[in-house]
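In Swiss-Prot this protein carries:
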- E171, R217, H448, R489: L-aspartate binding site (BINDING)
- 195-198: region 'Aspartate' (REGION)
- R217, D218, E219, Q226, E482, G534, L535, D536, R537: ATP binding site (BINDING)
Amino acid sequence: MRTEYCGQLRLSHVGQQVTLCGWVNRRRDLGSLIFIDMRDREGIVQVFFDPDRADALKLASELRNEFCIQVTGTVRARDEKNINRDMATGEIEVLASSLTIINRADVLPLDSNHVNTEEARLKYRYLDLRRPEMAQRLKTRAKITSLVRRFMDDHGFLDIETPMLTKATPEGARDYLVPSRVHKGKFYALPQSPQLFKQLLMMSGFDRYYQIVKCFRDEDLRADRQPEFTQIDVETSFMTAPQVREVMEALVRHLWLEVKGVDLGDFPVMTFAEAERRYGSDKPDLRNPMELTDVADLLRSVEFAVFAGPANDPKGRVAALRVPGGASLTRKQIDEYGNFVKIYGAKGLAYIKVNERAKGLEGINSPVAKFLNAEIIEAILDRTAAQDGDMIFFGADNKKIVADAMGALRLKVGKDLGLTDESKWAPLWVIDFPMFEDDGEGGLTAMHHPFTSPKDMTAAELKAAPENAVANAYDMVINGYEVGGGSVRIHNGDMQQTVFGILGINEEEQREKFGFLLDALKYGTPPHAGLAFGLDRLTMLLTGTDNIRDVIAFPKTTAAACLMTEAPSFANPAALAELSIQVVKKAENN
């Protein structure tokens, strides 16, 4: 039906007769002439109808936005004065000789000239995806997956599929369950990741595996989360953590070079402890130049409990954040930041406004200055490298609250004051995470997952001091987003059972949930390691949007619903009966 795509026509096509298929993006009726912008997935081209082709001109008068049409005509160069430099096809136009209206369009529920609500865009997603910016994002996504496949194939990785209907295993979120009709009362689980299957593939001898795979997690959603999402899943045997990082870094550098024309360079490597200490986050945005500075040792003897308490507590921390040029902040802005950090558990926000250092105490403005002597203030200013015109904010509490609150404040202030360089790309690796973290109920939970190997510890050493264990794990972070994470896996049955025990999984439960894994570990398991990238998040970064729904063809809302198909929906009672399932309404509290 077509010979060319609208958006691919160039000066090289001048004089050629072409047939185009697509949609009316815009129509301009000048009486004796009608111009339309005709659109397909590759872009837009101007088509015009003149009186010499009366039948085509008459039919063109009926055209409206989003009519699906076919046009045959001749490509010709535009006059110099009519060239549109904002269009890829702006140097040419098509003189139509014939027009076919394939399908008409009703009055549109979306308005291309105004900002539509996200609800409307999701309900009429098939119309939303016609917009050039949305089409371009999905084309970029397709390019990314193609580049990934070629890179992985070139590096000896095998694309192997793993099951979608599997067994529920504890991986940190709730599973989506699928009832079995054949096995009454039993359920499959949709995989949160192919984690155990890819490890089993390593045990099967396939030493380089990858898969671009759907994963499912029934968790509370955020703007950058979806109940179903896509991973670039990777696993290797006989490779160390640095070797895995080297290959995966090369993949991501390849993507940025091919999609953005940007060489990311070598990725710096930072430990979890350093990232938390300097940036208050395990996924620091290095485009922001501000860092947290520890000042607890300077404040242990002050008669100000807000500072002295955490400064003398082994679990406490006092950190300063120097904001270049921050002395210009108004009292209202400072109060807003004070309320902001309370979201993260902080009790307030102390500060020192540095007006003129040379004047000592008279050169600063601070509500806490009366509790600190000149010597301590000078020491704080020296350590933070404060200059005239700067602001210093303080966080004082337990280590987690200080890291969370001051880390979030660092990001917000950096954005508000334009200190974060939005034109840069800042990738890094974060390594050496704690193996376990407090579950809030007196026990421990795996910081990554229970199949991650500890670093340089035997099973006996791990059992004796699990709180000191460092995971042989690594995350890739770009511009403050965790785009991928992985680890060296446990390949020893004794170590795996030790980890299960630390997590409170008794031997009976181990056999019930992971018996197949424990059995497989008995038969010459190779050392193995892997990583998974979030394809949706990578695409989000590479297309310049901050909404993950913009890079998924048919996404769910933050309530995990599809407004277009109205999923989820109630099941047919007969289907439920066949599955031996009865829906019980929850009793309402009076």
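First residue shown is number 1, and so on along the chain.
Positions of Cβ are set from backbone N, Cα and C atoms, glycine also.
On the structure: features taken from Swiss-Prot.
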residue	record	DSSP (3 states)
R217	L-aspartate binding site	coil
H448	L-aspartate binding site	coil
E482	ATP binding site	strand
R489	L-aspartate binding site	strand
L535	ATP binding site	helix
Neighbour tally for E219 (ATP binding site), based on other Cβ positions within 10 Å of its Cβ:
13
Could you measure the widest C-alpha to C-alpha distance across R217, D218, E219, Q226, E482, G534, L535, D536, R537, the residues recorded as binding ATP, and give it to a whole number of angstrom?
20
Do any of E219, E482, L535, R537 (binding-site residues) have a CA within 10 A of H448 (L-aspartate binding site), and if so which?
none
So how many other Cβ atoms are close to E482 (ATP binding site), meaning within 10 Å of its Cβ?
17
For R489 (L-aspartate binding site), just count the other CB atoms lying within 10 A of its CB, please.
23
Tally of DSSP helical, extended and coil residues in the region 'Aspartate' (195-198):
4 helix, 0 strand, 0 coil
Within its own chain, what residues at least 6 apart in sequence put their Cβ under 8 Å from the Cβ of L535 (ATP binding site), listed in sequence order?
R141, I144, T145, I212, F229, T230, Q231, I232
Whole-number Å distance separating the Cα atoms of R489 (L-aspartate binding site) and E482 (ATP binding site) is 20
Any idea what the Cα distance is from R537 (ATP binding site) over to R217 (L-aspartate binding site), rounded to a whole Å?
16
